[in-house]
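Features of the protein shown, as given by TrEMBL:
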| type | residues | note |
| --- | --- | --- |
| COMPBIAS | A:60-76 | compositional bias 'Basic residues' |
| COMPBIAS | A:92-104 | compositional bias 'Basic residues' |
| COMPBIAS | A:148-166 | compositional bias 'Basic and acidic residues' |
| COMPBIAS | A:167-177 | compositional bias 'Basic residues' |
| COMPBIAS | A:183-193 | compositional bias 'Acidic residues' |
| DOMAIN | A:618-733 | domain 'TMC' |
| REGION | A:33-195 | region 'Disordered' |
| TRANSMEM | A:300-322 | transmembrane segment |
| TRANSMEM | A:343-366 | transmembrane segment |
| TRANSMEM | A:381-399 | transmembrane segment |
| TRANSMEM | A:469-493 | transmembrane segment |
| TRANSMEM | A:517-536 | transmembrane segment |
| TRANSMEM | A:548-568 | transmembrane segment |
| TRANSMEM | A:738-759 | transmembrane segment |
| TRANSMEM | A:795-819 | transmembrane segment |
Amino acid sequence: MAVLELSLLMHVKLFSKDLALINDNTVLRFLGKNGSDVNNEKDSAAENQENGRGADKERKRAKPRTRRGHARGRARHGGEEDGDDEDGTRRAGQRRQRNRRGRGRAGGNEGSDSEGDPTKARKNQANQKSKEDDEQEEDEKGGKSGKGKNEKKQDKKADKKGTKEKANKKKKDKKKSGSGSDSDSEEEPITEEELAKLKEEVEEKKKLIATLRNKPWKMKKKLSVLKEAQLFVEKFEGALGKGKGKKFYAYKVMMTKKWMKFQRDFENFKTACIPWEMKIKEIESHFGSSVASYFIFLRWMYGINMILFGLTFGLVMVPEALMGKPYGSLPRKTVPRAEEATAMNFATLWDFSGFAQYSVLFYGYYNNQRTIGWLKFRMPLSYFLVGVGTIGYSFMIVIRTMARNANEEGGGDDTSFNFSWKMFTSWDYLIGNPETADNKFASITTSFKEAIVEEQESRKEENIHLTRFLRVLANFLALCTLAGSGYLIFFVVRRSQKFALEGLENYGWWERNEVNMVMSLLGMFCPTLFDVISSLENYHPRIALRWQLGRIFALFLGNLYTFIIALMDEINLKLEEEKIVKYNMTIWEASLYNGTIPENSTAPPIQVDPADVPRGPCWETMVGQEFVRLTVSDTMTTYITILIGDFLRAVFVRFFNYCWCWDLEYGFPSYSEFDISGNVLGLIFNQGMIWMGSFYAPCLPAINVFRLHTSMYLQCWAVMCCNVPQERVFKASRSNNFYMAMLLFILFLSTLPAVYTIVSIPPSFDCGPFSGKTRMFEVISETLEHDFPSWFGKVFGYASNPGLILPFILLMVLSIYYLNATSKSYKEANLELKKKLQTSRRKQKKK
Amino acid sequence: MQDLPKVWAEERIARSSLGKKSFGPWDAVLTQQILCRLLTGHSSSSPALTRVCTTDPILQEQSVPARIPTGSSSPRPCAPRLHGRYHEMAPNVVPMDYTKDPDVKLPMQLIINMPELKENPFKERIVESFSEDGEGSLSFNDFVDMFSVLSEMAPRELKAIYAFKIYDFNTDNFICKADLEKTLNKLTREELTAEEITLVCEKVIEEADMDGDGKLGFADFENMISKAPDFLSTFHIRI
């Protein structure tokens, strides 16, 4: 406070000096008159002004005496002043005075030739005059409005340059006062120099006005100071011809204001556009940032899937539905005769066969026509590019997000004032809604708790050897569990293959569903086991979560592996079947031509109802269906688990607590906690399924968008209504890079089978956009051949030469290596700098 | 031909003699004008107010002086909203016409019930630190002062000064441990345990105390708050 008052005092002092100097062009007078002001620090600026005014008056009286040379002119002025005094209101007086001044100036100009004024001054005066005239006109037009404009305009100068120049100002004033007295004594009218100084003066006052708001004064003081400054500026600004661009200036100010408002509104709009922001914030305030990080991840995933959905829907499904051949025109677009009866049953549709199978939802429905519709839409090409684009886009977005997150993590993570900032800046003064306030209180408490956990964790000192031993032991146990479950899966899969070879009909329900059951049981019990194991390790909960995630991830990979193996087996079976069907087809066709093998292929094909045509197994559609079914059943399982495991349990605990022998809420069943690791992994694996399957089932992204959308609402509700926060609420790491890394890994794993099937398995002969080709990617070379000029094909051929591609890959690897090295060195430099900062801070503290 | 300084001198003198008449501390017109400017930050922040305030400024300016001779405090577009808020808290006490009545104060109880302040855990402290007597009763001047500091346009330094005042519960110009504990209790609705509170307070002092006197002076506070990323965005009220 002492500092404050001192600065305040300085302001007042300086200001009073300025004032006196300006008002009273002699230094002597200033000293004599304002000595008391300077001594009396408590004098408000208002009083200062009074003094100044007093000085003015005195001067008025004194001047004629001291400077005889001007006696005549001054006397005339004096007369005018008297007239002004008689005038009732100040403003009116001023206006008149201005008018008069204008007139007087006109007269003066006429007389100036005879008096022989310096030409410079004349010029100035001429300028002045024109301005005065303008003002006069305004005055005549708008009565007193002109003045008001002036005043207002000055205030709107919203320069934020502060009042640093106070000190300079003082000096200038002194100089100025000297020159002013000189000019007075030499009987010289205003010079350019003086004008410039005055201008400066006015500018400074304006600055004062603009920055007045920033001063920690009481309102009264502000008022008086402002008033003074305004008067000064108003008085001289007109004379200096500053009032010219008024309208433009006002317009500019208005526009800046509007622009600012627009920007703020736009910000608000943008925030309002972020979906589920409020929900997530609410959850974060009650459950901590770690639970919120799951929902943020879910939202991010939703965004990705929206784009994937847009790609497949806009470029594949809609064009086919609008421009492709209608349902029933081709065998591949028709439900076969044998299935027609049950094609519309709900059970069939729920299983994604029947009509669902023979629709745009699946690969098999698309025709291999090169172009469709009047737009000549290249359907097969589009299909292929969308499939590749989906994967490419996913890679790009995941890696980009990871890079951005890493940046955030590396950059300004300044925790030096962690607690202080939490203490002093966490309350949002804008909050005016009781509910929001409750949330905010909860979130502040949570964030404090998080910070306390971190702090305690860093303070904790324990027996390092014991912890190390326990951690090694825990990892060993976890590895054993993983290995055991891996072997179990392997064993079960092998056994099931044996069963399949011998024919499943001979076995019971358990043998048929052994693989699935073992997988689900493992998925159910292993995470709990890992949980128990991780309690040995005594990690910080955030790190413990990572370990948990990693272990469950490894477990789930087994799941994925068996699924893919099973699928590959099935594909191989279908391929075998296809060969047989192909052979049968030729026989069937032959039978159509009355047993004669069609040597004359020019004969028109005999019309058969497309439902009756025999067809291949179309393994692509089968794969797509598998993935869709898997996704749907996965979704259902998640929802049912939430409803039973969370909701029913919560209901039970809540209501049976009244009539139970022990405390259910704090005792055994208790409410469930939100299982972050399980949910995150579920999400990630689900996304892997989408990436793998979306090439064969274009509807998969749509289904996933729906799933994510509903699960957002359901899980938000479930968390808020049936879960309790973890015992140790911990802060999520700011970037979700751990989740992202897993996602990237899964993305990689899921592209492998998709790319493998695209590249090395021949497409079915009678379904899908690539039927009739030996490999799917041939659509590219076909397009190059037909739609591009021949030279382009040649260039492409040269470019795809291994001789060019290998060096290119080498170059890329080298550049990656280089970039990696540089980024490492930057990181080190960063760390070094941080350390330096910290040490300097510590030194400062010691001082 | 007269030289300009002389002309200005005349003018000045004339003004000074005339000006006195309308230069009381509660010159209604002046107040309005000044408030309007001081509160530009506020004026544009509230949608309702912006509608009034961002009408053509030229028109506004012209309309203002026209009202002056009437001497009434018929409000200028910006200030009146604030005055309206002040007035509506106690319509019987606060006059609409400020030309002669300089000394009206509203007690803290009324002010902390404003919806803008109601939920704020520091509402009492805010009001106290802006009241001239330190007791919490605000004159209209103080009231305007408060919202001008809490406006969006107020600079960081000014906000820091008043934030320091607000968090300094016992007004000894230092934020000591007791102040921190009070702040923390208000922030968390006393949901932390005693150990946690002491831990946090110790940490805060450890972090921000530069001169090592075990409490935060204004310099410490300003240093800390000047680096805070969201101080400016949270320490303001829209009215």
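Placement of Cβ uses the backbone N, Cα and C atoms for every residue, glycine included.
Contact between the transmembrane segment (A:548-568) and the transmembrane segment (A:469-493) holds: at least three of their C-beta pairs are under 8 Å, each pair 6 or more apart in sequence. When Cβ-Cβ distances below 8 Å are used as the criterion, the transmembrane segment (A:795-819) is approached by residues 784 of the same chain, each at least six residues removed from its ends. Taken residue by residue, the domain 'TMC' (A:618-733) breaks down under DSSP into 82 helix, 4 strand, 30 coil. Long-range neighbours of the transmembrane segment (A:343-366) within the same chain, counting only residues 6 or more positions beyond its ends whose Cβ lies under 8 Å from a Cβ of the stretch, are 316-317, 320-321, 324, 327, 332-335, 379-380, 383, 618, 620-621, 624-625, 628-629, 632, 695-699, 764, 767-769.
Mean per-residue pLDDT, taken over the domain 'TMC' (A:618-733), amounts to 87.
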